[in-house]
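J.: One structure follows; several queries about it will come next.
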Amino acid sequence: MMALDGPRAAVTVSALDGHEAEALEQRRPSTRFSVQDDQDAPMNPNQRPEIFRSTVHEVLFVFTATMSVAMPSFLQGSTLVISSFIKRDLDMTTAQLTWMTAASSLTAGSFLLFFGKLADMFGRRGILLSSIFLFAILSLATGFSPNALTLDILNGLMGLTCASTIPAAQGMLGSIYDKPSKRKNYAFACFSSGNHLGFVFSSIFSGLATQFFGWAASFWLLAIIYLVVGIVACFTVPVDDSDKLPLTLEVLKQFDVVGALLTIGGLGLLIAAISVGPSAPQGWKTPYIIVFMILGVVMMAGFIWWENRFAYPLMPLKIWRDREFSLLLAILLLGYLSFPALFFFAALYLQELFKYSALITAVCLIPSAVSGVIVNIIAGRLLHRVSNKLLMGIGAAAFTISFVLAAVQRSGASYWAFTFPALAIVVVGTDMEFNVVNMYVVSALTKSQQSIASSVFQTTIKLSVTIGLGICAAIFTSVSNNPASTGYYAHDPFEPYAALFWFSAALSFVSLLLVPLLKIKTQENNGWDFDDWVQRMRYRRTLYLLGQIHESIAHGFGRGECDGY
């Protein structure tokens, strides 16, 4: 019997007469992956999904999805190494320069849940394609910005396109690769690499473009890259055949407008306060920063209250009742609180203390890109073979080691001895944890909720990055204003950097302590599992002890020591 998904789920082929069944079968698209034949054996999940015409088609689609999740990283990396040039040419204040990066983070973080819900309800392909092309157009326009205000506004709009692209891309990826398999692990490992590889490669490209043509060329290059990605996407992104809702008044009533407004306002105010707080006139004590923080917390509390009561919530709160889900995100958050800070402040001290140019600074970040490629290849091969709990432990340990390496150096220290290994090792932490948590989140919700699953995950990352940068900036400012006169870092200009790196190492160590509480196994639950191995070792030890006892008793009987029985 063949069951049809969607509104016609109650209709079966066996209930129709022969002519109707034959006609229905002829109308059914051969690539429709929401239709399943209960009588036929299920397709091997390790085979190429039928929706792709060839392996090349599949690879290009995964590339498009990877470039989509890399979009905000490309934007942040591009602006990182050219900020001083923009500040000089546009005569920007420090506050205006801060808003250049804060604007994109604010809009991207605030609208993720909103666009995730839209993609799940009304379709993902259209949102994905239009967002990629719009990002390219906005990047082109940003290069012509005549003043700071225009630049900040355009960066905010680019952040908005990032928020609409990511849930749609991950939603399609999760919907197509809906069964645990090696192929899914490889696809998501590639997808996961986009986050930090985009940051590193854009820093390098931006440094090269700025060195030879000026800072505007950095945004024009970004426009060219995503114009090409958009063209590739038009031919490779398959038709979104998941269940979609019609755009009617009744359907619109199901959209959580109140929840969307609360989350956009709450997250927006929190991100704005944390991003701008360190550079505000009175720092964190500035009145409008305090107001932003209070209103943001109140609105997010209201969002949680509302989601518990609305029939069609923007974010299903039940996912947070999953113990493993909450623990995984907590571990990831503690690592990601400091990961961007390492790159941001490493680039800063390479320019300020090492006196490197923008181009040389970008080249110094290459180890992260190389390491990231290697780690993602390894992750794709290990997710279904090795305990994901062990992989999370490796990730947390890598975070801790990299931050300690960055913290113990002083001014004049060798780049190769400290900064190089720190940048190479930290990527092990980001990619291992991102892959494991991303795969778990995708599996936590249904096929029709893949975009909102992506939004929850990406919002957590955006918040952790923003909060981490805000805290690290506050630590940097505080230590800079009160330098030590004695001790290891006495009169050392590297002391503020060391302080925030030690803070980062402490957070990562806490995440390492949380790993033993996890109970997750491999992605397919048929690979090597750490907890099962421990149980087997205990079982074998018990059998060995029982065997020794049995031999002792038997030996005793043999010597006649138990003749009384």
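A Cβ is built for glycine as well, from the same backbone N, Cα and C atoms used for every other residue.
Take a look at what TrEMBL says about it:
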- 25-48: region 'Disordered' (REGION)
- 59-85: transmembrane segment (TRANSMEM)
- 127-147: transmembrane segment (TRANSMEM)
- 186-206: transmembrane segment (TRANSMEM)
- 212-237: transmembrane segment (TRANSMEM)
- 257-276: transmembrane segment (TRANSMEM)
- 288-306: transmembrane segment (TRANSMEM)
- 327-350: transmembrane segment (TRANSMEM)
- 356-378: transmembrane segment (TRANSMEM)
- 390-409: transmembrane segment (TRANSMEM)
- 415-441: transmembrane segment (TRANSMEM)
- 461-479: transmembrane segment (TRANSMEM)
- 499-518: transmembrane segment (TRANSMEM)
J.: Any chance the transmembrane segment (461-479) and the transmembrane segment (499-518) are in contact, meaning at least three CB pairs closer than 8 A with a sequence separation of 6+?
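T.: Judged by the Cβ rule, the two regions touch, with the required three close pairs present.
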J.: For the transmembrane segment (415-441), which recorded stretch in the set 127-147, 186-206, 257-276, 288-306 gives the largest number of Cβ pairs separated by under 8 Å?
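T.: Most Cβ pairs under 8 Å with the transmembrane segment (415-441) come from 186-206.
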J.: Would you kindly check 212-237, 288-306, 390-409, 499-518 and say which stretch has the most C-beta pairs under 8 angstroms to the transmembrane segment (327-350)?
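T.: That would be 499-518.
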J.: Sequence gap of 6 or more, Cβ distance under 8 Å, 3 or more pairs: do the transmembrane segment (356-378) and the transmembrane segment (127-147) meet that?
T.: no
J.: Sequence-remote contacts (6 or more beyond its ends) of the transmembrane segment (390-409), Cβ cut-off under 8 Å?
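T.: Distant Cβ neighbours of the transmembrane segment (390-409) are 328, 331, 334-335, 338-339, 342, 346, 379, 382-383, 417-419, 421-423, 425-433, 435-436, 494, 497-498, 501-502, 504-505, 508-509, 511-512, 514-515, 518, 520, 530.
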J.: Do we see three or more Cβ pairs under 8 Å linking the transmembrane segment (212-237) and the transmembrane segment (499-518), pairs being at least 6 apart in sequence?
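T.: These two stretches do not touch.
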J.: Take the transmembrane segment (288-306) and find every residue of the same chain, 6 or more past its ends, with a Cβ under 8 Å from one of its Cβ atoms.
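T.: Counting only partners 6 or more residues beyond its ends, the transmembrane segment (288-306) has Cβ contacts under 8 Å with 256, 258-259, 262-263, 265-270, 272-273, 276-277, 280, 313, 317.
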J.: Could you pull out which residues elsewhere in the chain have a CB under 8 Å from any CB of the transmembrane segment (59-85), counting only those six or more residues past its ends?
T.: 52, 97, 100-101, 104-105, 108, 128, 132, 135, 155, 158-159, 161-162, 165-166, 168-170, 172-173, 187, 190-203, 205-207, 210, 214-215, 218-219, 222, 225-226, 229, 232-233, 235-238, 340, 343-344, 347, 351, 358, 361-362, 458, 462
J.: Cβ under 8 Å to the transmembrane segment (186-206), counting only same-chain residues 6 or more beyond its ends: which ones?
T.: 62-63, 65-82, 169-170, 173, 177, 218, 221-222, 225, 339-340, 343, 347, 358, 361-363, 365-366, 368-369, 372-373, 376-377, 379-380, 383, 427, 430-431, 434-435, 438-439, 442, 461
